[in-house]
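Read through the structure below, which is laid out as structure tokens, and then see the notes.
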Amino acid sequence: MTQPSLNPLVIKLGGAALSCSQTLSQLFGAIASYQQKEQRQIVIVHGGGYLVDELMEKLQLPTVKKNGLRVTPYDQIPLIAGALAGTANKLLQGQAMADGLNAIGLSLADGGLCQVEELDPELGAVGKATPGDSSLLQTILNAGALPIISSIGLTAQGQLMNVNADQAAVAVAGALDAQLVLLSDVSGVLDGKGHLIKSLNQQEADALIAGKVITDGMIVKVQAALEAANDLGRAIEVATWRYPENLEKLFAGESIGTQFLPA
């Protein structure tokens, strides 16, 4: 098996980092510093729900969620695609360029990277992504660029689709045979004494949920991470961007958060 340090690394960027230029600058600065010394290829996948929420509020349109997924009426998908594949993607690309990186803004559709189909008619223009052809993305990586990929995709019929960013990152990682890190404001899963749990499988997570160690919104995050590990067929990591000094360790293949193990 290839050493994790040699596999490409897909970083799904979420949480408040997307709206904080200082946090983004620390992340991109760490990537630039790391890639001056090492050859590991890194890909960013992002959502941008906060931008969509702001846009919906300005347009006085309701935000409706079902099972944690944004309901996206087909007449609203051009607006949401504009916010995610347009504004959010270009803001991230601009920050990366300002921090010395050769950043390329992409979507799930570019080069056939991910195939996208409608997930559930009741959700509207919400798609499920599956791994596609990574050859164009690999060419971009081989050129030394940092791909920044929005979670907007296209169906085979050319219909715009909004894909959950975690699920999009799993599909991108699958296409690239890459390691996956979900990077957010959550450092990982803590035990009852506030110590970081280094790894979790479904059985261990169920026991912690039953014991009220994992509660509330963290339950959703844990189940989503375990589902991502199962879909990808390898361990994934949930870690935080809050400690920039740890990021280069993460890029080098060290665990700095909680590893979620597939069944």
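Each residue's number is its place along the chain shown, starting with 1.
Placement of Cβ uses the backbone N, Cα and C atoms for every residue, glycine included.
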### Message
Per Swiss-Prot, which of R70, R234 sits in the substrate site along with G48, G49, N162?
### Response
R70
### Query
Looking only at Cβ atoms, how many others are within 10 Å of the one on N162 (substrate binding site)?
31
### Message
Going by DSSP, is N162 (substrate binding site) sitting in a helix, a strand, or coil?
### Response
strand
#### Entry: Rounded to the nearest Å - Cα separation of R70 (substrate binding site) and K221 (site 'Transition state stabilizer')
16
### Those recorded positions listed as K12, R70, K221, and which of them has the most Cβ atoms within 10 Å of its own Cβ
K12
